[in-house]
Every structure is written in C-alpha cells, then in structure tokens.
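Novice: Dumping the structure here so I can ask a few things about it.
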Amino acid sequence: MAKQAIKRAKILAVKNNNKIGVLLINLGTPDEPSVPAVRRYLRQFLSDPKVIDVPSLVRWIIVHLCILPFRPKRSAKLYQKIWMPEGSPLLVYSEMLRERVGETLGDDFCVALGMRYGKPSIETALKKLQEAQCRQLIVLPLFPQYSTSTTASALEEVRAKNSFKEMTVIDRFFEEPHYIDSMTTLIHENLNEFQPDYFLFSYHGLPERHLVKSGCQLAICNRKNNCSPISSSNENCYRAQCFETSRLIAKKLNLTDQQYGVAFQSRLGRAKWIEPYTDKYLIELSKKGIKKLMVVCPSFPVDCLETLEEIGIRAQSQWQRLDGETLKLIPSLNAHPQWVNAIAKMAKKSLQLF
C-alpha cells in the first residue's frame with residue numbers, strides 16, 4: 001500500500017513538473033563563536049515561550065537581566081573549543097546530511113534545511129522549496145523524542161510561515177526501526193575498538209513541568225525508576241520516549257538492565273529538571289567501580305555543543321577526576337550512510353499520509 005502511494009505521488013510530481021519538498025529542521029547555532037553572535041542566538045532561543053514557559057514579563061527579566069549579561073561570554077568560549085574550520089559543527093553536519101538525503105531521494109524531491117533559531121531560518125528554507133516548485137511538503141524535525149520546547153516550537157514556526165496546501169509532519173521517531181537500527185550500527189562500529197564496562201544513554205534534559213504540560217498522566221510517577229513502556233497515558237512524555245529509545249537500542253545490543261543506564265544533561269536554571277542528571281550519574285557509576293564508560297547521545301542526531309563540549313570535554317574531564325579510565329563518546333549519526341537512508345525511507349513512508 002505504501003509503495004503504491006509513493007509511486008502515485010512520484011507519477012503526479014513528474015506529470016505536473018512538481019517536486020516533493022522535504023524540510024529538515026534542527027535547533028540552530030550562532031553564526032560564529034563570538035560574544036555578540038552568541039548573544040543574538042541566545043536572545044532568540046530563550047525568548048521562545050515554549051523554551052522558557054513563564055509569563056512574558058518574567059521571561060524578559062530572566063533572559064535580559066539574568067542570562068544575556070553573563071552567559072554569552074561563557075558560551076562563546078565553549079563554542080570556540082568545538083568550532084570547525086568550516087563553521088559550527090551543527091550546521092556543517094546538518095548541511096552534509098541535507099545534501100546526502102537529497103542525493104538519496106533523487107530528482108523527484110527537493111530537500112532544504114531550516115534552523116528554529118539562527119540561520120538558515122525555517123522561513124528561508126520554505127522559500128527555497130517554493131522556488132523549486134514543490135507542491136507537497138514533508139516536515140521532519142531532527143528531534144527523535146517529541147517535546148514542546150523543540151518539536152512543537154519548530155512546527156509552530158513552520159505553520160506560521162508555511163504556504164503549502166499539502167503538508168505532512170513526522171513529529172517523532174524515537175521508536176522508528178530505521179532510527180534504532182542506525183543508532184545500533186553506529187555503536188557496533190565503535191565497539192570494534194573499545195569494550196566498555198557500561199553504556200550510558202545521555203539525553204537533553206527538560207524542566208519537569210514540561211512533562212506535565214505535555215499531558216503525561218504519569219508525571220507524578222517515581223522519577224528514580226525507569227518510565228513505564230509507552231502507552232496512551234504517557235505517549236507524549238519526553239522522558240518515557242527517551243527510556244523507550246534506550247530499551248530498544250539496548251535490546252538490539254543484547255544488553256542486560258545492569259549494563260546500561262539513562263540520564264539527562266544540559267539543565268539550566270534552578271527549576272527541577274527530569275532526573276537522573278548525567279553529571280551526578282557519573283559519580284554514582286564511579287562509586288560502583290565502573291572504569292570504561294561508553295556514552296551515547298540518542299537525542300542529538302547531529303553533533304553539537306551538547307555532545308562535543310558538554311560530554312566530549314566536560315564529562316570526559318569529570319570522569320578522569322573520578323578516577324575513571326576511559327569515557328568514550330559515540331559520535332552522533334550526523335551524515336552516516338545508514339542514517340541518510342533511514343531519513344529517506346521515513347520521508348517516503350510519510351507520503352501515504354497525503
């Protein structure tokens with residue numbers, strides 16, 4: 001059925017000389033690792049009411065009086081540590097992914113990249129697809145696990161700028177077999193040179209209140225335990241989706257429950273975020289005698305500040321101070337051939353929704 005839908009869509013596209021547009025969305029990055037550029041980026045990012053979900057006046061005070069006077073200088077130094085000759089890793093790898101997905105999908109498709117914050121903007125990406133005479137639009141935010149602060153915010157921006165009459169959205173893929181297989185292959189490739197004592201799956205954290213607002217009916221569950229398997233009562237719970245992704249990858253790797261764990265990084269501010277925290281989890285692992293640790297970041301399909309600096313540098317340094325022998329960070333999927341094919345397959349699969 002799906003193959004017939006894809007075939008019909010391709011015939012229609014060719015007949016009308018119209019392409020199918022694919023919009024890949026990532027979070028965004030500063031234009032350069034300078035204080036002014038980081039300040040511009042953070043101002044746009046943190047002013048989003050879906051990111052800091054408090055009354056507008058309170059948000060303005062937090063952003064303009066508590067964060068922007070101080071954080072840009074610190075963050076710029078962190079970006080400088082990971083900046084590539086070609087530019088921001090997030091942008092470089094995202095563009096590489098866009099290009100290779102386009103090559104894989106072929107001439108009947110046009111693939112564009114839009115950043116929720118910074119450049120290239122979602123509006124710019126949509127204009128490119130319109131100029132390419134695309135008449136159908138597939139939107140794929142590169143956030144495997146759904147959350148209001150990433151996926152919902154990106155989709156809200158798309159709908160505000162979109163002029164396509166036919167649009168389908170892939171709003172999550174945390175349990176998509178092609179994604180899980182891509183992650184598993186990536187890990188297997190790194191196991192050839194390193195055999196860890198333990199696997200840690202580290203995800204971007206969120207304030208706990210975001211889970212409540214997302215409609216998770218298990219938001220008052222015991223956060224010290226693993227989330228329950230995905231069901232109608234927690235299908236929009238970001239934390240539950242992270243645990244489900246980890247379970248699926250661990251199953252593919254034949255890991256026992258004692259061989260891996262899940263933690264959350266990148267917390268900001270004083271509000272309570274979902275636990276356990278990655279930095280504190282490292283302390284617990286060291287107390288258990290773990291020496292060789294492999295860290296995987298499934299919520300980041302593209303390498304960025306949170307993977308390369310927060311884990312690759314800061315967590316690495318922390319692990320050494322804790323007398324750990326080795327902390328190996330698995331690279332993000334970036335433009336891995338299997339991941340490129342996975343995105344192409346997800347895009348084609350979504351055509352049956354038109």
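Quick reminder: no glycine exception, Cβ is built from N, Cα and C everywhere.
Reproduced below are the annotations present in Swiss-Prot:
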- His204, Glu306: Fe cation binding site (BINDING)
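In the displayed structure, how are the listed features positioned relative to their neighbours?
Specialist: A 10 Å cutoff on Cβ-Cβ distances gives His204 (Fe cation binding site) a total of 27 other Cβ atoms nearby, all chains included.
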Novice: Applying a 10 Å Cβ distance cut-off over all chains shown, what neighbour count does Glu306 (Fe cation binding site) have?
Specialist: 21
